[in-house]
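Taken verbatim from Swiss-Prot:
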- Asp527: active site (ACT_SITE)
- His530: active site (ACT_SITE)
- Asp628: active site (ACT_SITE)
- Ser64: phosphoserine (MOD_RES)
Amino acid sequence: MGHSKQIRTLLLNEMEKLEKTLFRLEQGFELQFRLGPTLQGKAVTVYTNYPFPGETFNREKFHSLQWENPTEREDDSDKYCKLNLQQAGSFQYYFLQGNEKSGGGYIVVDPILRVGADNHVLPLDCVTLQTFLTKCLGPFDEWESRLRVAKESGYNMIHFTPLQTLGLSRSSYSLADQLELNPDFSRPNKKYTWHDVGQLVEKLKKEWDILCITDVVYNHTAANSKWIHEHPESAYNLVNSPHLKPAWVLDRALWHLSCDVAEGKYREKGVPALIENDHQMNCIRKIIWEDIYPKIHLWEFFQVDVHKAVEQFRGLLTQENRKIISQPDPKQHLKIIQDPEYRRLGCTVDMNIALATFIPHDNGPAAIDECCNWFRKRIEELNAEKHQLVNYHQEQAVNCLLGNVFYERLAGHGPKLGPVTRKHPLVTRYFTFPFEEMTPSTEESMIHLPNKACFLMAHNGWVMGDDPLRNFAEPGSDVYLRRELICWGDSVKLRYGNKPEDCPYLWAHMKKYTEITATHFQGVRLDNCHSTPIHVAEYMLDAARKLQPNLYVVAELFTGSEDLDNIFVTRLGISSLIREAMSAADSHEEGRLVYRYGGEPVGSFVQPCLRPLMPAIAHALFMDITHDNECPIVHRSAYDALPSSTIVSMASCASGSTKGYDELVPHQISVVSEERFYTKWNPEALPSNTGEVNFQSGIIAARRAINKLHQELGAKGFIQVYVDQVDQDIVAVTRHSPSIHQSVVSVSRTAFRNPKTSFYSKEVPHMYIPGKIEEVVLEARTIERHTIPYKKDENSINGMPDITVEIREHIQLNESKIVKHAGIVTKGPNEFVQEIEFENLTPGSVIIFRVSLDPHAQVAVGILRNHLTQFSPHFKSGSLAVDNADPILKIPFASIASKLTLAELNQVLYRCESEEQEDGGGCYNIPNWSSLKYAGLQGLMSILAEIRPRNDLGHPFCDNLRSGDWMIDYVSSRLISRSGTIAEVGKWLQAMFLYLKQIPRYLIPCYFDAILIGAYTTLLDIAWKQMSSFVQNGSTFVKHLSLGSVQMCGVGKFPSLPLLSPSLTDLPYRVNEITKEKEQCCGSLAAGLPHFSAGIFRCWGRDTFIALRGLLLVTGRYLEARNIILAFAGTLRHGLIPNLLGEGTHARYNCRDAVWWWLQCIQDYCKIVPNGLDILRCPVSRMYPTDDSVPLSAGTVDQPLFEVIQEAMQRHVQGIQFRERNAGPQIDRNMKDEGFNITAGVDEETGFVYGGNRFNCGTWMDKMGESDRARNRGIPATPRDGSAVEIVGLSKSAVRWLLELSRKNIFPYHEVRVKRHGKFVTVSYDEWNRKIQDNFEKLFHVSEDPSDFNEKHPELVHKRGIYKDSYGASSPWCDYQLRPNFTIAMVVAPELFTPEKAWKALEIAEKKLLGPLGMKTLDPDDMVYCGIYDNALDNDNYNLAKGFNYHQGPEWLWPTGYFLRAKLYFSKLMGPETNAKTMFLVKNVLSRHYVHLERSPWKGLPELTNENGQYCPFSCETQAWSIATVLETLYDL
């Protein structure tokens, strides 16, 4: 948490294409690309077009990024490549896996806007924009006096509609010349230029602190643009787009119909020039179907000339030398090939297919005639289909046309155009026609004359519900034919093609236009962005950003889908999307939009500086009204202007409005027809003055106040937002600063209905505002005044003079005219709430309060922030140092906690329910939800890690914190009740919590999290500092796995290990709380949580020693490892180490492998630990010096460890045979009587250790049947008697090691001496070692050669090239089962294996057994395989009931570690290429463990999963040996 640089990480996943995901970043951020689990280990290269420092951006130029590995380790969990973002715009990245593109996306970096003489930064959230229709500003020398209104109103950005020469329609967006300044702005004696505009823009920026942006219009140009007639190829005309010919013919026919209707020619048929009702509309429909369509034969453009085609076909049939076509391709049917020139009956068919389809049975004329008739019939059918299709298009065309007529002439909300005339035709024309009138037939002849047809150009417009990524004028679209275009008859649609070479003039012209704009303005608004070809906009914006690197790009998108919006935002690098408050139907929806478009919830969690890059929604420019919107005074009421604009300006994003709104202009200011000028600023003007305005006009005075407030809130970090819908009309919006905990609360009473004609209640609900109201920032009411009523002025765009606002700023609460009474209510001891009773909060009123925490809470927050600065500089602002705090807080937390041992950290961080219950406690339970997994801090952190990134303040965990102090007290009291440093940590937390309890409840989750995450990360660092350098310098994955050691190794209230010899001087001791006497407190390893964590079921010999190397030796916890080895050595009996330890006194000696795992651990200890061989001479207190002695207390009989080792070896060669003590249901309620007979020994011929019988299960696969219903009770599922492969491997490892030590005289024995048939015999370690070596592969390997004479049971072999699971089992077929156990032997005794054979077996295991996390415990091809473990199921199925298949398929994790380590070892012997592939496999498998570890609330790896990695509810959630063997694999890497 310490560093303050903002870093975001983006995880790359295989085949993940994120083109529709918006990632927003700021300049100065670092972006790190990291490998997701699917890519770890693979050769991945990331490419981006983000330029190298000092280079200019080129969208097409990609370069690769270098990988950095902070730990220099082989695992990929921390590997990243990075970008330091210093440039605004849209940048693409993609990544290759080898040479194949595997995924990618875009990032958008926000521009930095600067303003003022000092060039200070204007944050995007501070923008307050106003739109001006430039043509209404008048002559250029009068602009300043009109723009001053925006300055005085507090706006800091002006959006000008296009400043270029306008087309004939005078629409602001139909430009006749993109490069020329509109001549209307010049005077007869003074011509103004772009240079003058640039100077004004610069003055506004420097002197007025106002930035200027303007539109760029790329889609169309005015129909009278001179250059489009010089370069007709720039438009969609009938030469370059012949597919539009049928639509053009229809368009002309409709124009002639319109002229005829205007002249009264259809009056008799029911259609006069003035269309007034539905009957006339139906008559139009009838006329079109009966008079128009039959005349123009549109279908002919899509049909074949039947006569011509048949004659051509006949000619081909009768050709002497026509090539005989064999059987036609059945997929190829005869179909019409569209004539690319779209001539009538100009379509064709493929004659080859025709000849292959219609074959005459001989060459006679009758056969040929018959064939031609069939061909004719098929062509007629195909033509009929086209006719039908055109009919379908014509049906849609009539419907669209009538919809248009209805809107323009009949609809209440339409323009009501009046009679049909040439100026206002029946429908807008879709194409230009720059020629004299002529007859339809003469007109049609023009479409085939290129020099004429090129001037018949398609108009632009928009299509309702169309896909914005599809160009509706391109071939394949029928929009013009179906009349689906809502057409702008003054503009021609521009045809760019795919690249500049496709239309060089147009691209160059528009690029120049863009460059003029970017030279003089700080930003652009992309007009009609959703129908601008995206590649064109990209090209133009790239040119603009070359001149204006921090270009502010705004756009309006009407795609109807956030995914589609994101494609435009990400590819174009749009800075802000325009959002309209006018889209809200009521105040409730308006409030929802405020919450949607910006800010985080009040009381949000503090996010770390390094965090995942999360998908964003586009930054909003939230406008109370845009220049396209209809007038809100008409739609709502004049009284709503003030409250709605206040609600909008309280949003935590950019905000904006349009000139005329503040003056209360009661009609829409039309971008097409408005020719009057805006008002000028004059402080002295009277309300009746129509040409001038000041603070007495409209809502200008209030607008200035809310604009200034909007800018302050954005600049000062009031980033948290809360919206409260007080009642149907009142919306309260809170903006809160998370650093100084001040709030600004606006209460707006909207007036969507006119208060003069609608009822509004006098009763306004009381409001409760938490904290202390410092001042009323603003109170304003919309009122009427006595002056002349509104009359539309002829020269100026004037507003309503009779409505204004009464405002008061920065007053005390008691001076307010809107608040009647403010009382103080306290909710609980630290909640300071003010109750507000309103009077005069009339519709159209707003009041804004500035609220601080009550002084007591403010101090408490300040002190908390002061103490939190030790964890993060984020808390510096708003912090407060005091002298009278608890003395413990004067000590940094790290120095208090640094004294904690790892065993104490186990108590502070972990302890599951059953461990905690031993101490009389338990895990914290959140009512109506669940209990925490751990009583320690990890239990809380697991939940906070889920809810913090999502800011899920509604989670039951947060509810519990807000509702009371129970959880807070639990955390500190649990620790204080213990002794020593743990209690000190508890006291530090308690002192912090004292202040936490004094702050408002809504802030408690955020600060509770901040305290805990600071403490938690410090504690983790303290843990790692006590571990080996492998951990300290390891990757995040290694570090998080190593915490499994802290999780599993601890000391309970009652020590689980037998006492060690008192003559050991470095044992840990503690004072017993009850007896007050000193007692040993050695840590023991739990086998797994939560099932094997406390009491006699905590410690198991086999689990302990499989886990010990990974959890204690690799992590550097040598003392704990030694103590556990010696404690178990003390319990040796019958030459065996117990499985269930039961503190030694309740031990069960029913396993054959624990002793060999114990010996392997002693060997590992000697090799890993400095001076590790010293352990061989350490005293072992024997609990059972003889097989039958009673348990002796520590120190009674001590002997060095090497003697105990020799005894274990001796007893095995001698042969072990005994019956378990207390045999029967009291120690095992399922075992059959014979199962309690234990045997083990060493085969004289082979040297293999063997043992067991078919009624017991002495290896790790130890499931005993327990179902009476399925009749498997007392039968082991996997007895594995005989010589189990991993035990043979482990014994070989032990024998080889002891041989080496004896040769160096470190181990005093060279042999074992045993009694056989009454005589003493010696077996040397050398001989024993050789026997295993000579026999292992011969007897365990299943040869790929079926005639191998070593094979005793060739009939049982069903997989070749593997190693048997056992040798000499009582059921011979069990030997031949494929299981993962042979990989253990490969790791501990690789010398037993021929590398090539080992590799083959490993490949089979990988293919058949390797799952996502674990290894299948049985070959899935085996008839008893079942991969789903359900211990609760009791049915008749012998193989499944009561979890009988525990080791018959489910995927266990710990063998995966051995499999991967074996692969790594043997891959090195198989050559560099194999080794590289294996490294990938290992990293890839481990990455899945990493993902599981990070996501697991237990922060561990499970015992097993069901097949294919599915969750198994019966598994331990975190298992010692699972974590250990994965950690060992990373150690081997």
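From the backbone N, Cα and C atoms, a Cβ is placed for every residue, glycine too.
Bear in mind that the values here come from a model prediction, so they are computed numbers and not experimental data.
Structure coloured by features recorded in Swiss-Prot.
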residue : record        : contacts (Cβ under 8 Å, 6+ apart)
Ser64   : phosphoserine : Thr45, Val46, Tyr47
Asp527  : active site   : Pro162, Tyr173, Asp215, Val216, Val217, Tyr218, Asn219
His530  : active site   : Pro468, Glu556, Leu557, Phe558, Thr559, Leu564, Phe568
Asp628  : active site   : Glu556, Val671
Return one of helix, strand or coil for Asp628 (active site), based on DSSP.
-> coil
Mapped onto three states, the DSSP assignment of Asp527 (active site) reads coil
